[in-house]
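Participant: Right, I'll just put the structure down here and ask away after.
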């Protein structure tokens, strides 16, 4: 309206015309009769009949696959041994159950519509299913939110630990509040799903839309309600308008969860990387890249303008860009390795722990053993905890790191305790090492020298004298002590006390192994022996030392007299051999040793931090893959939701996005189970695997289970159900060579599916089953390669003909004894044990593993040889019976004749027959059922241990008798 007396406002008229056009365009939205009756705007969720059929089939298929995967995942979770479970597994089960419920609800609606299409127009039907759908989806979102909160607390509140009464483990995170998880997960989604019925009785007014398609074949009532749920193509959910329904009740919380997951992960990433850099800065930079960069800068600047441009381009563009790309890669791959950090610990020129030394000069604590395995091995890997090898320096890293959990062991009991990085502990330990190895003005005292004696740190000796020729053969203290006896020229503070020198006038002191009691005993008993400077030296070094000593004895002089030009003229200034220079060089050697000690302990601390960081990275990859997979699952539904605001209302749905959206919505359960199986590997936590581990730890010192224990297990209640069985008995019943064709077929079918489950690319049906001699040698830990048949030798004959000669009465008697000892497992339990995670324990295989592991492990104790041989000189003619090998079940019945013999044989089975000691004092008792080394056997015949030694070995194997 134009007011009289005032000129018309052209801008206002133009704005009003544009607004009217916009309103007209909204009123001209195309729609269908079904959308108008349901209250759906425009062309939202408008499909043809074939498209609807395809979408519903996709939804049913994806939901069914997800349900099957959920059942499989719950089976593996339920069959994990309770000793191996931690709170994380409870959260995984909680997440799988929520996603399982969501997949089940999403499958109900399309199935009912395909069965009875008329219920599509029933408001009670789609409102009820819509409430359950919203409840299940929001419950799954709440579960992943709780998952993220739990791991955020583990990182930022590592001291929140509580004892798990069920397993005895220390649990963190939300473990103390675990009783609130299920109520919150049920209550919050129920409230959100119920709020959708606000304004349910309020009707939508879409009378101005243009109907272009009449598809009301379902007799919908003419009452488009604003609140409630709407039937979509393959599911029932919240209405797209008003927007607050889906934003407040569904997508808003979901976007918040996604942002929260990214924020938690980003904060953890920044926290760990910053702490790693701070620790590295506190304990020192081991790469020494600053000096190299300065040299490179001077070199490039010397090339003129082109060199300067190259340096600026590399410093301010290339390197920052590469650093950014590496950080992005590390962020998305959950890696905490510094892009500028060298990952090679081998001690190369660019290695992290290189201090200008060659690889041969790396300290022992950074080296691996001769077998190639790390010295820090868990007890389950053998008797490493009792390893005391005098030929090898002690590994100080074991003691310096004793307060920290074993980061290399994949132990489920520790997996949640190792995702925190405590820099204060690492730095404090490094400071403790500095204090412990502080050098006073007088030099290192005896105790410090003793501690340093365990490490093979190199010291660059700058003495240019004939003394240096003995440095590689004898300790410097050997020569200086003898010189001191001659003229008192050299005074070395690192020598032993005068009392020790007076008691051992002709002995050379071994400073590198001052803790070795055996060397002290040898010095007391043999006054004219020259101890080797390093027990790891070869025989040539020993021969050289003996030759030197022989020369000393022949000349009847002190070893110092054999040194060329060792006279007063030798120490004149012209010869650069003054007493002060020798003392100064010795002090510099000690200071150099101390510097190396400090650097090596710094490197050790940093290496420990790197191990912990690697464990954190591994565990974070295991736990954050669930939230990240959640984000990946909701990627296409988010795209589909974004298209609904404008594009779908005007033009209808984008079909390829809708297909993917319909497929991935129910697949959360499938993804959770795949991640769980891939990362957790629950088949390694079955009862059989866990019980086998505990049995190995129990019998590892004994070296075998023993026939008595095997039969005891087999005849127990669990053994009668097949949880404990003997491989010998099972192999003898092999169906591969049975005369019954049906049994042969079933054997091949069972072998096929077994290899299929193990994901073997090459199927092999060859087996030595039913070969009596082969399996007897195999389970006795003997070399059975000579007895192994080839496939060309196999013939389909009777099992008794293949295994036993028909004319052998002895073997036939053994077969009868085996049959009498066998335990018949019911058919039901035999079928059960073919199911994954429900297998039994092969006691024969476990016994064989114990024997092999015991033979390959170093087993020695401090002073064990001395305890075994302390009375050897008094009992040289005492013979010990060597017939104490435990017989297998094939021969046990032929040995026992009466009660007295039974008790004697049982006593023999509890003791070892002999104990052989090698040069480095490693005692290796003969394992029953194995063939001893003929060389060791000959040595034992000439030098057998006394009865007290055998009692000690028996005690170590079986405990107090």
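Note that Cβ sites are derived from N, Cα and C of the backbone, with glycine treated the same way.
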Participant: Of 348, 803, 873, 903, which does Swiss-Prot mark as phosphoserine?
Facilitator: 903
Participant: On the question of membrane sidedness, does Swiss-Prot record residue 771 and residue 120 within identically named topological domains?
Facilitator: yes
Participant: Of the residues 373, 477, 945, which is given the phosphoserine tag by Swiss-Prot?
Facilitator: 373
Participant: Between 620-642, 643-665, 666-688, which stretch does Swiss-Prot give the note transmembrane segment?
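Facilitator: Matching range for transmembrane segment: 620-642.
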Participant: Tell me which of 19-41, 134-156 corresponds to the transmembrane segment entry in Swiss-Prot.
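Facilitator: Swiss-Prot lists transmembrane segment for residues 134-156.
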Participant: For the annotation transmembrane segment in Swiss-Prot, which listed range does it cover: 159-178, 179-198?
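Facilitator: In Swiss-Prot, the transmembrane segment feature sits at 179-198.
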Participant: Out of 783-805, 806-828, 829-851, which range is noted as region 'Disordered' by Swiss-Prot?
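Facilitator: Going through 783-805, 806-828, 829-851 one by one, Swiss-Prot flags 783-805 as region 'Disordered'.
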Participant: Any contact between the transmembrane segment (620-642) and the transmembrane segment (134-156), i.e. 3 or more CB pairs below 8 Å with pairs at least 6 residues apart?
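Facilitator: Between the transmembrane segment (134-156) and the transmembrane segment (620-642), which are separate recorded stretches, there is contact, as judged by 3 or more close Cβ pairs.
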Participant: State the residues, same chain only, that lie 6 or more residues beyond the ends of the topological domain 'Extracellular' (115-133) and have a CB under 8 A from a CB inside it; answer 'none' if no residue qualifies.
Facilitator: 102, 105-106, 108-109, 193-194, 196-197, 218-221, 225, 228-231, 235-238
Participant: Hey, which bits of the same chain come close to the transmembrane segment (179-198), Cβ under 8 Å, at least six residues off its ends?
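Facilitator: For the transmembrane segment (179-198), the sequence-distant neighbours (Cβ-Cβ under 8 Å, at least 6 residues beyond its ends) are 94, 98, 127, 130-132, 134-139, 141-143, 146, 227-229, 238, 245, 248-250, 253.
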Participant: Mind checking which residues of the chain, 6+ beyond the ends of the transmembrane segment (134-156), have their Cβ under 8 Å from one of its Cβ atoms?
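Facilitator: Distant Cβ neighbours of the transmembrane segment (134-156) are 91, 94-95, 98-99, 101-102, 104-106, 172-174, 181, 184-186, 188-190, 192-193, 196, 229, 237-238, 249-250, 253-254, 257, 260-261, 264, 267-268, 271, 416, 419-420, 620, 623-624, 626-627, 630, 668.
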Participant: Which whole-number mean pLDDT does the model give the topological domain 'Extracellular' (199-250)?
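Facilitator: Averaged over the topological domain 'Extracellular' (199-250), the predicted model reaches a pLDDT of 83.
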Participant: Could you give me three numbers for the topological domain 'Extracellular' (115-133), the DSSP helix, strand and coil residue counts?
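Facilitator: Its residues fall into 17 helix, 0 strand, 2 coil.
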